[in-house]
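**Q** Before we start, here is the structure in question, set down as structure tokens.
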Amino acid sequence: MIGPVLLIALPFLGAFLLPLVYQHYLRAAYWAAPMVVITNLIIALALWFGVSMVGPQSLLMGGFAAPLGITYYIDHLALLFIILLLAGSLSLWLGAWHRRLQEEMLTLLLIGSGTGMALSGDLFNIYVFFEIMAVASYGLTASRRHCGQSFAASLRFLIVGALGSSMLLLGIALIYALTGTLNLSHLAVLAPELLHGTTGLAAFAFMLIGLGVKAELFAVNTWVPEVYAHAPIRVIALLGGFVSKLAMLIIVRLLLLLYAGSDAYLILLGFGALGLLTAEFAALHATDLRRILAYSSMGQLGLIAIAFSIPGEAGLIAGVALAAHHAVAKPALFLLIENWGGHWQKLSGAVKVAPLASVIFLIMTLSLIGVPPLPGFWAKLLLFQAGLTAGGIFNWAIVLIVLTTLIETAYWLRINRQLFQSENNQPPVNIPPDRELWPAALLLVLLLLISLNIGTISDELTQMAYHANDTETYIKHTLPMWQTGE
Amino acid sequence: MNTGELLLELVLMPLVAFLVGLLLVLMMRKVRAKIERRVGPPFFQPVYDIVKLYAKKTQISHGYMHDVAMMMLLGGYIASEIFLPVPGMDGVAHQADLLTLMYLLMVPMLGMAMGVGQTANPNGSIGISRALTSMLAYDIPFVIVVAGAAIHYGTTSLPTIIEIQQQQGLQSWGLTTMPLLALAGLMTMHAMLGKEPFELYVAPAEIATGPMVEMSGKYMGTLFVMQCFQLYTVGVLYTTLFLGGGLNWLTFLPKVFAVVLIAVSITNVYGRYRTEDAVRWLWKWPVMIALAGLALVMSNV
Amino acid sequence: MTTLDFLFLLSLSTVLILLLFGRRPMAGWFAVAAYAMQLIMLLAIWKGFSGDISVPSSFHFMIQGHQLHWGMNGLGWFFALITIIAAMLTSAFSAGEWGQQQKNMHLQHVAMAVNVFAMLLLLSSMDFLSLFIGWELVSWAAYLMMTQRGGKAADAAFRYLLYAMAGAMMLLTAIVLINVRIHSFQFEAFWDALPVLPSALLWTISLLFVGAFGIKMALLPFHLWQATAYSETPGAGAAFLNAIAARMGLFALLIVLLKPIGMERLQILAMPLFAFIDAQSLLLWLAALTAIIPTFIALQQTDARLLLTWHGIGQGGFMLLGLAVGTPMGIAGGLLHILNYASYQAALFLAVTAVIYRAGTADLDRLGGLITRMPWTFIVLLMGIIGLAGLPPMNGFVSKWLIYKSLMDANMPMLLVAASISTLGTILSVYKLIHNIFLGQLRKAHFTLKEAPLSMIAPMLILVLIAFVTGAMPGLALTIVDAAQAALGYDLLPHHLGGITWPSGSLNMLWVTGILFYGIGIGAVIFLFLGNKRHVTHQWDNYAGGHFLSAKTPYQYSHNFYPGLMRIIGGWFGQQVLNIEMGLRHFAKLLSEVFYDSYQVVYASLYLVAALVVTLALIVKG
């Protein structure tokens, strides 16, 4: 089937052809990149319906037999994040009146590599796509001209990222040394005997650190506040909202397929908990709006990590729900603060000049805190259920989450108070122009639609988590490809 | 009880209370005189005092609340008397109980506080503040005593309490079955009467008689009447709770007079406590004794 | 579409209409009419439930196999009645002159409508998830109402919201713990499982529930937020909040833990280390402490509103005291106290608001003698404080009597003493309130004060009249309480119009009130007809130890009203709980600074390497 191939190939093709189009057909160039993304989105949706009807699919890329060939596994879990990535980058394209060739190229590369990474069933293939994605993101974070600080921030990002990628490669090398294969399904079969020992866990630690740079995990997320403070808003929304989730998705795949039932879950729990704790408290102290949102992102990703670290379907559902919710809520907030920026106390009385923006901000933050009946609450409820059912150390994780929810309420409410209640007659803030408001408003509508249909959506999520957890099916689907190749 | 009896009791009970109260006031003044080696006032002196006060030409009021307060004062006590069973007349004591009586007795005090408030004299306000403070002080041991007694008797209905105590004569009196509570009760009743050493709300030398500074004429007369009712009520209440009530007036009245005699005797040989000292004392000794008594009662329950 | 659906729709449309058209001048009167319609709809629901059966709502949805549904039974109806009447009367208060001088009356109307809607939702919850949704909505709606004025009000509201979120998280944890155990969010499943839950789990759940609901009803030690938050809310809204908002916590506690089956379990659930204390005693003593300590804090306040709100906290403890006894009389007393308290507290708050409206201040040290200028407000306040103090003939006395009696019958004399101490403190405190505002010398600046307008007096008078009538004829209120008690599952307290007839001491308020007024009548006759005619003198015609009073030296005793008492008990109130709260806040600030600084690194890679090394070390160690 050609769908997945197109999903990956089209963006790459588009990226490499874009300079030519820009040079010769300027008017068409305006629409070229969005068209690619739209096409991808249609294909992804078609694949989604396909998987809904016949179940997960697998594909041998290029028809090359394994072990040299690479398998691709298309299921709902990967498709969800791919669709989010596509829809997100599309909506971020709306209203961007300042088009630059380099940015578009890098974004297309990001999309293509992200899709490939999500669908891939081969460890090294994942690494390759991860690297492309990383380089694209380094480039994007530095794309704000005339801002020396953004260069410095992206340089730091690059250093940490490069180090992380080396760690990832080291981990993959360790796994290859232990098992002799890089195919995920083969590894899934071999994992219980070979990978759950000390060396295997060490390999997981390496890979976690490497992937964790993108997934904004504790200890490797120090780049986040700097980059978020200086990079363009759209880039941040893309990185924080969608790229980080893709990295998290890979971690989840590794956990599910390779490390099911081992202590690797606890390693992720530790990182997630520490990340949540430190980031939320740091957000309490931050005063620059962009940094507050940066720390909040880090905290939420820590929360998602905790959710994914709970073994079993329950944790999976909770993690996916939280990730999807964050992917909808956070980009909206970033879009709103593009023109606001600066110290949060400067927002005094914003409701008078920008009522719609203030309301969107309020509702999004309420959803992040977890106020019913917004979707954020249902996601947190799923997390509580998963955690308290698992018991043991996860009870303490829930206690931590309760505490950090309080901290979240404090700092979000501080800002909302400023928005809606003006103490003194300060000059009004800038209104975000309509072009930015439209995507944010769309996201709000999406959020509200989700809250109205929470029943059906939660059922879908349950199905998705069930299938994702089903390692047997994965192996069943992909291993014949491996074995027939022999 | 039919309507006729009821109407009779509605009139008689307050009247009897007033008359006995007059006698109690007389006894109080005679006792003081005897201790001070004087002859003391003649028999009808309390009546003469009341008539004199009411007959004064100038009756000064400070506002309508001042007047209403006096009516509330009288009314509250008259109502309380009707709920207090005495030999031969139960009144409406079956419709309310000891707890109700306790809180009903606070209505006249509140009324007086209102009236004094409107006189707008700071001495009066200070006096009320002290009165309320001393009420807080003596009501705590009083509540412990009442709670203990109610649990011991198993009921808060006054006629029933009297019945229980009369079953076996002296043996079943509250005094013998709950001696500690009876002792604490006596101390508390003394404070309730506002006699030295707990006379802090009057304090003539310090706050110019406190609440009574702006009361003259019939207002003072009403306070005088109130004093009669007060002595009577406190005496009868203590008798009902601890001294077995009385089968008839011959056995009943001596008990009442005995209780009040103890109080007014002690009062004549004491100075006046300061507010903090009064509060501290009342929260120490009567409370400790009452708690000990309560513990004994609870262990028997 | 059931009657309950109509009620929800009415309430929701009130919110929407007020949101859209709230700036028009007649908005206030529209609000009154809307609440009146809701009241009529509520009364129409009265016949729909009996005992356990409730009036369902057609709205329900499924999520993850759990069903959320709504319905109103007697208990919810009881609270809803108080809510809507309180909203109606306080809106009437603010519909006239008072509302016109407020800056954003529109927002206040909308906030009150949202509150009523949220409370109706909460009161109709039929399972834990709908309870949680309603709970959060109520918390945020109350925040909306509290924060409007800005400044100090917004600060107090912010503090409230943090407490409320902590409570909500505790509630969520408890609910999920229950679900993990019994795999259901339905109330019935929980009640059935109560007798067989293991002790450790039941302790955790009970503590979480009491914590969550206790924060809302300001149970010690979670009471710090309520006084300032409720007193800074603008007038009519404050009266509404004081009357009923905190009692939502009581509703939730009742419906979750304090049913008969829960009470039985609580009575045998012993504490881990102190095996002679069981959960019920703990709850009772917590309630008793909540009744005493805030009352004496109220005694020390110099702001009239703060005094009243601290009393609100204390009376909440009183209500819980009655409810935690668990006997039919105790439950009836506690429930009746909720209703009674709402009537006179709303009246008191409205009266104080009227005083603020005319005199411009609620500072007790700057008022005095207003009885001649604002007589009707004085009468309202007088009847209100008689009710608050719990003296006959007002309704406060009846509910307090029931609570005392139930404590007596249950052989808990020390709790009775504790409750009485609270009442005594209340008497002292409310006398200070009325004396410092209405009695004493009138200040020169207030010589020309006018009485509050009719639009403000009428609702207050209606409230105290309700208090008086239900005091003289408690049977009326007890009928409503019966419905709530039956919904809970307790036996009913047999009563008649005037009160109850009980073997160990009855109470018939008809007789008590009647005899009291008879006595006052006789007193009036004696006083008015004996002796000469009296004449009224000027307020400066007082005994002043030899010199004369004048406008410059009027001499008023109001500051530090109970010095002797304060010298003894003043030192006991050392702000211990406040210090704990401040300590927590500083700790959070410290942590936030530490972690913020930890992210300002130059060598980010150091963190990476360190984390890697530590993780590998942990893995190798096992």
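Here the Cβ of each residue, glycine as well, is placed from N, Cα and C on the backbone.
Under the heading domain 'NADH:quinone oxidoreductase/Mrp antiporter transmembrane', TrEMBL lists C:125-423. According to TrEMBL, the transmembrane segment annotation covers C:6-22, C:29-49, C:75-95, C:158-180, C:200-225, C:237-258, C:270-297, C:318-338, C:376-394, C:414-434, C:454-481, C:509-530 (among others).
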**Q** May I ask whether the transmembrane segment (C:237-258) has at least three C-beta pairs under 8 Å with the transmembrane segment (C:75-95), counting pairs 6 or more apart in sequence?
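**A** Contact between the transmembrane segment (C:75-95) and the transmembrane segment (C:237-258): present.
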**Q** Could you tell me whether the transmembrane segment (C:509-530) and the transmembrane segment (C:376-394) are in contact, taking contact to mean 3+ Cβ pairs under 8 Å with a sequence separation of 6 or more?
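**A** They do touch: at least three Cβ pairs between the two stretches lie under 8 Å.
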**Q** Compare C:6-22, C:158-180, C:237-258, C:270-297, C:318-338 by their Cβ pairs under 8 Å to the transmembrane segment (C:454-481) and return the stretch that comes out on top.
**A** C:318-338
**Q** For the transmembrane segment (C:318-338) against the transmembrane segment (C:237-258), do we get 3 or more Cβ-Cβ pairs below 8 Å once near-sequence pairs (under 6 apart) are dropped?
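**A** They do touch: at least three Cβ pairs between the two stretches lie under 8 Å.
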**Q** Output the single range from C:6-22, C:158-180, C:200-225, C:414-434 maximising the number of Cβ pairs under 8 Å to the transmembrane segment (C:270-297).
**A** C:414-434
**Q** Give residue numbers and ranges for long-range contacts of the transmembrane segment (C:509-530): same chain, 6 or more residues beyond its ends, CB-CB under 8 A.
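**A** Same-chain contacts beyond the flanks: 392-393, 398, 471-474, 497-499.
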**Q** Using a Cβ-Cβ cut-off of under 8 Å, list the residues of the same chain that are 6+ residues beyond the ends of the transmembrane segment (C:200-225) and lie near it.
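**A** For the transmembrane segment (C:200-225), the nonlocal Cβ contacts are 139, 156, 159-160, 163-164, 166-168, 170-171, 173-174, 177-178, 181, 194, 245-250, 252-253, 256-257, 265-266, 269, 272, 279, 283, 286-287, 289-290, 293-294, 312-313, 316-317, 320, 577-578, 580-581.
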**Q** Looking only at residues six or more beyond either end of the transmembrane segment (C:237-258), which have a C-beta under 8 A from one in the stretch?
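**A** The answer is 75-76, 79, 82-83, 86-87, 90, 93, 108, 111-112, 115, 119, 122-123, 131, 135, 138, 142, 145-146, 148, 187, 190, 206, 209-210, 212-219, 226, 230-231, 266, 305, 308-309, 312-313, 316, 319-320, 323-324, 326, 334, 338, 341-343, 345-346, 349-350, 353, 488.
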